[in-house]
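Peer 1: According to TrEMBL, the record shows the following:
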{"type": "DOMAIN", "residues": "C:1-197", "note": "domain 'Heme-copper oxidase subunit III family profile'"}
{"type": "TRANSMEM", "residues": "C:21-43", "note": "transmembrane segment"}
{"type": "TRANSMEM", "residues": "C:63-81", "note": "transmembrane segment"}
{"type": "TRANSMEM", "residues": "C:93-112", "note": "transmembrane segment"}
{"type": "TRANSMEM", "residues": "C:132-156", "note": "transmembrane segment"}
{"type": "TRANSMEM", "residues": "C:176-194", "note": "transmembrane segment"}
Amino acid sequence: MLKQLFPIKHVAGYISSLVLSAVALVVLLDIPAGSKMAILLVTAVLQAAVQLMLFMHVGESEDKKSVYINIAYALFVALVTILGTLFIFVWGWYS
Amino acid sequence: MKWDEFFVTGEPLIYGAMVSIVLVSLAILFGLTYYKKWGYLWREWLTTVDHKKIGVMYIICALIMLFRGGVDAIMMRAQTAAPDMKFLDGQHYNEVFTTHGVIMILFMAMPFIFGLMNVVVPLQIGARDVAFPKLNAISFWLFFAGAMLFNISFVIGGSPDAGWTAYFPLASIEFSPTVGNNYYSLALQISGIGTLLTGVNFIVTILKMRAKGMTLMRMPMFTWSVLITCVIIIFAFPVLTIALLLMMFDRIFGSQFFTMANGGMDMLWANLFWVWGHPEVYIVILPAFGIFSEIISAFSRKNLYGYSSMVASMVVISGLSFLVWAHHFYTMGQGAMVNGFFSITTMAIAVPTGVKIFNWLFTLHKGRISFTTPMLYSLAFIPIFTIGGVTGVMLAMASADYQYHNTMFLVAHFHYVLIPGAVFAVIAGFHYWFPKVFGFRLNEKLGKTAFWFIAISFNVTFFPLFFLGLMGMTRRTYTYSAETGFGPLNMLSMVGAIGLAIGFILLVYNIYWSTRYQPRDKTGDPWDARSLEWSTPSPVPVYNFAVAPEVKGRDAFWFSKKNNEPLSNEKITKIHMPSNTGKPFILGIAFFFLGFFLVFSWWIPSIIAGIAVLIILATMSFDRDHGYYIPVEEIVQTEQKLRGDTV
Amino acid sequence: MKIDASQPLEYGTEENRNRIFGFWLFLGAEIALFATLFTVYFVLADRHASGPSGAEIFEITPVLLETFVLLTSSFTIGLAVHAMRLGLKKQMMIFMIITLLLGAGFLGIEIFEFFTYVHEGVTLSTSAFASSLFTLLGTHGAHVTFGLLWGTAILIQLKKYGLDHSTANKSFIFSLYWHFLDVVWIFIFSFVYLKGLM
């Protein structure tokens with residue numbers, strides 16, 4: 001019964017998300033500043049992927065192609081908004 | 001708060017408006033009671049989930065808003081028609097150009113397009129309704145609540161007065177202390193939620209509910225344009241949602257997003273506004289491209305030239321539309337690198353747009369063209385829109401834009417894009433699909449007269465503004481002296497505005513006249529057109545298609561007519577339909593009051609209205625009504641009645 | 001209503017499949033919504049004026065606790081859907097109740113955190129940084145709050161009507177929503193708290 005209620009896929013996903021959160025904490029230690037953002041990006045994206053693939057079953061429906069395009073488009077708009085705004089106000093500001 | 005602060009006082013024009021609002025409301029209430037139409041109104045319209053009726057309601061609202069926005073426009077033109085006019089004061093002028101912009105874009109163009117897509121898209125793809133009919137009704141009533149909230153602002157509390165762009169710091173509580181901009185943030189928020197839901201609804205409808213055999217590349221071009229538009233909607237509108245939320249926080253709860261002190265950044269508003277605002281332009285214009293594609297193809301008696309490139313160009317436009325927003329504020333202070341980047345992306349949009357123009361021209365080439373009213377609008381659109389597009393490329397050059405920025409040149413440019421692009425399109429679509437919904441065509445002679453008034457007057461109104469802009473007249477100027485030399489061209493523009501007004505009055509008169517005197521159309525296909533919506537009888541029965549059509553190629557109905565093959569050989573079976581519900585309407589009322597109370601920061605009533613919203617949502621969740629079936633005999637009877645003996 | 005028995009209950013009708021697909025589209029819109037809030041936060045994060053900066057007010061302990069609670073709740077709602085697919089209604093409801101309790105726990109810690117900030121003199125109107133922080137966290141928190149109400153409504157329906165096409169569909173969509181809130185939290189955890197503290 002326990003095995004039935006706690007499938008290995010879910011348990012593995014849960015543990016990996018806890019581990020990834022813990023790994024992200026190394027940015028609080030004294031490591032090179034350049035690598036910190038990279039670590040945060042990688043752990044966050046991996047965690048999001050864990051949720052999407054293992055928990056949300058993103059690839060299981062008949063519309064999975066549309067769902068993938070939808071998420072990709074959303075990420076495109078998200079990145080453009082964030083990076084474009086930083087480009088305008090921070091990196092590319094007249095000074 | 002005192003009563004004279006609650007109601008707007010001191011302006012004879014506004015007193016006149018108040019009196020007329022009260023009189024018209026009383027007349028409507030009296031009329032409904034006298035002719036015993038309350039039950040009809042509730043059963044047939046307020047509770048409907050039928051996409052066609054929802055579409056009709058959108059269009060009626062859009063036409064009313066066209067006149068509200070049009071009156072604003074005439075007032076602006078009158079005030080600037082001659083030097084040192086005393087018709088409006090500065091404050092009133094600010095309010096008028098603000099409401100003109102907001103209403104025309106968000107409460108006229110958008111609902112008109114939504115109305116047409118509600119009526120047409122399910123019919124074009126051979127579906128019985130949209131994917132989520134109740135959600136569709138919610139969308140409409142949220143739009144309606146937002147529109148009403150925005151419109152009462154000019155008699156209760158005062159209209160917003162910081163421009164339709166509501167730039168900070170001008171729109172902050174410090175510089176715009178009336179509740180006007182609270183109305184702006186809340187009314188747009190409420191109708192924006194409705195828009196977002198429409199976007200989701202139509203993507204699901206188009207991707208999941210197409211008739212058998214209708215692959216994506218066999219869809220009519222209007223359906224394609226709506227699909228792309230809805231994709232832009234669901235990713236652009238959340239940005240507006242957040243921008244408006246932050247605006248509300250700044251104005252009502254004292255947050256510091258766009259303030260001038262404590263680290264606030266007024267320019268961030270302009271940035272967020274246009275991250276949404278530029279895709280919004282394409283939300284309004286892409287369906288227009290779809291409408292023109294349908295009409296040009298139908299009245300050239302040819303299939304659409306370059307179908308795949310039409311689709312590809314729309315996909316490219318949807319992506320690029322998110323990459324150009326900074327061209328609205330080249331002069332704000334960002335570096336040359338930023339302006340250079342956005343300049344290039346902006347000019348790049350001209351490429352797919354140019355592809356579309358050529359496709360329309362090649363569709364016309366060697367076609368058997370019939371000059372009907374919708375076709376006239378479509379033909380006029382091509383050259384006029386091209387002027388708008390070319391001046392757009394001029395504005396896209398960042399360094400040159402330092403000269404044009406915020407002048408009448410810009411005003412002329414976007415009217416040259418939006419009026420032929422959006423307004424001509426919805427009017428053309430209105431004439432084209434009118435017989436589908438009501439069972440008779442609008443009178444062609446009146447329609448053409450109105451067209452010539454509108455097309456010529458439009459150019460008389462807006463072409464002078466290009467020169468005024470180059471002469472140095474800035475936009476939103478409420479008065480000027482005779483020495484500037486702006487007088488004669490502004491007077492010419494005023495003459496054009498009167499012509500436009502006459503054109504639009506003729507258009508409405510045509511509806512009245514045709515309702516009384518036009519012959520009824522029994523064929524369901526009065527234009528000899530190409531797509532599936534024309535295979536149904538007019539007016540379209542509630543279930544749309546007695547049997548679901550089957551599609552073997554593009555322009556399926558055209559080839560079924562030419563080859564004399566029926567669209568389906570299936571037998572009529574009982575049809576499942578969703579039941580009507582009054583809850584979307586009640587939800588709209590609750591949202592209206594929630595917005596209204598928040599505008600005035602009346603907290604206790606706001607909380608009560610908020611809880612009411614949640615309760616209505618909960619009751620909707622507990623609803624277990626799965627619709628009803630229409631029996632076969634009833635379908636057969638309806639079809640015989642509508643089609644005569646042809647079935 | 002056409003019923004397709006080869007699919008799990010929540011996908012079993014055409015309407016159900018449309019709803020799930022539609023909800024994915026809505027989540028796409030939610031990505032754009034939170035991206036805008038992150039944009040605002042990133043632009044304003046260093047503009048704390050005379051008020052304290054992020055590094056001065058963030059504390060790692062409650063944040064870690066929040067992260068653990070929310071990750072666990074995401075795990076349990078996943079288990080609930082798994083149990084639902086096995087047809088185990090009782091276990092499914094237990095997992096859902098645990099999820100909602102964890103969600104309430106998360107919300108409790110967040111409210112406590114907000115009180116601490118206010119106690120330290122940081123309110124919505126202290127600085128642009130504070131405004132953007134409260135709005136980003138608050139919007140996420142409001143989503144969790146709405147989720148608690150929504151989840152409760154679904155639990156009542158499960159109890160009342162049993163596990164059928166309609167309730168299974170709603171439960172599955174709720175699970176998508178809940179996982180999504182967890183994803184958003186991961187980004188808040190990484191790019192608001194850890195980035196602020198590093």
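The chain as shown is numbered from 1 upward.
Glycine is treated like the rest: Cβ placed from N, Cα and C.
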Peer 1: Do any residues, 6 or more residues outside the transmembrane segment (C:21-43), come within under 8 Å Cβ-to-Cβ of it, and if so which ones?
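Peer 2: Sequence-distant neighbours of the transmembrane segment (C:21-43): 132-133, 135-136, 139-140, 173, 176-177, 180, 184, 187, 191-192.
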Peer 1: Which sequence-distant residues neighbour the transmembrane segment (C:93-112)? Criterion: at least 6 residues beyond either end, Cβ under 8 Å.
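Peer 2: Beyond its ends, the transmembrane segment (C:93-112) has Cβ neighbours at 62, 65-66, 69-70, 72-73, 76-77, 79-80, 83, 137, 141, 144-145, 147-148, 151-152, 154-155, 158-159, 171, 178.
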Peer 1: Hey, which bits of the same chain come close to the transmembrane segment (C:132-156), Cβ under 8 Å, at least six residues off its ends?
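Peer 2: Answer is 33-34, 37-38, 40-41, 43-45, 54, 93, 96-97, 99-100, 103-104, 106-107, 110-111, 114, 117, 123-124, 167, 170-171, 174, 177-178, 181, 184-185, 188, 192.
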Peer 1: Mean pLDDT over the domain 'Heme-copper oxidase subunit III family profile' (C:1-197): what is the value?
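Peer 2: When the pLDDT values over the domain 'Heme-copper oxidase subunit III family profile' (C:1-197) are averaged, the result is 93.
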